[in-house]
Amino acid sequence: MSSLFISLPWVAFIWLALLGAVGGARVQGPMRGSAALTCAITPRADIVSVTWQKRQLPGPVNVATYSHSYGVVVQTQYRHKANITCPGLWNSTLVIHNLAVDDEGCYLCIFNSFGGRQVSCTACLEVTSPPTGHVQVNSTEDADTVTCLATGRPPPNVTWAAPWNNASSTQEQFTDSDGLTVAWRTVRLPRGDNTTPSEGICLITWGNESISIPASIQGPLAHDLPAAQGTLAGVAITLVGLFGIFALHHCRRKQGGASPTSDDMDPLSTQ
């Protein structure tokens, strides 16, 4: 009998070792959207509760817990932010809403069994934002400077396709307060070179996706536009002034031609 009782802890240990939590997938969720993290335990065991934690320094933080006794309990800082959907003791799904950069990271799904024993798995979340882009052209007498800008998360890659791919260009980037990366590449095209093509294409790549944005350096110089507008305004003012002088002169001539004679003004005069 004593040998039986001695072997019971070893049996329990072997039983726990056979348990496994499945999940651990890497999930992507759109910024300001939602994402679902899922885990399950096989085979089914005597689980009393399931706890979701977020890994961070100096230690993990509880997000939400489910048990038959208390149902779903979400920690204060995650209320209106996260929830356990389809609650169960052998599988669990944590949904996070209104995703921001701070939500990115890895989460622990912990199955708690009798005796305080635990089986866990890890699911990691990546917050993404599909790229957007546009082209800016700045022209001077010496050169046309064309800049292609792209904003996204993870950082997008910006390149110039042929024929501008051989032109001198530089790429820079920075991350804004929302965690989005703004990347841009500038190409300088000297004027007076007849071999320089007037049209090019900016390529923005982001994972397996790509965006093509056409660019052109045709048209008037950017710095000439204000001067041209000023000239047109001056001509318009001059024309208005001349029209006013002409109208006033015409009105005076008309009044002078219709002036009454002295005889018309004295009805009592006799011959």
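Glycine is no exception: its Cβ is also placed from the backbone N, Cα and C atoms.
Here the candidates are CYS106, CYS109, CYS121, CYS202, and Swiss-Prot names CYS202 as the disulfide partner of CYS148. Between the listed residues ASN83, ASN194, Swiss-Prot assigns N-linked glycosylation site to ASN83, with no corresponding entry for the rest in that record. Disulfide pairing as given by Swiss-Prot: among CYS39, CYS86, CYS109 connects to CYS39. DSSP classifies CYS39 (disulfide bond) as strand under the three-state reduction. With a 10 A radius on its CB, ASN91 (N-linked glycosylation site) counts 19 other CB atoms from all the protein chains. On a Cα basis, ASN157 (N-linked glycosylation site) lies 11 Å away from ASN208 (N-linked glycosylation site).
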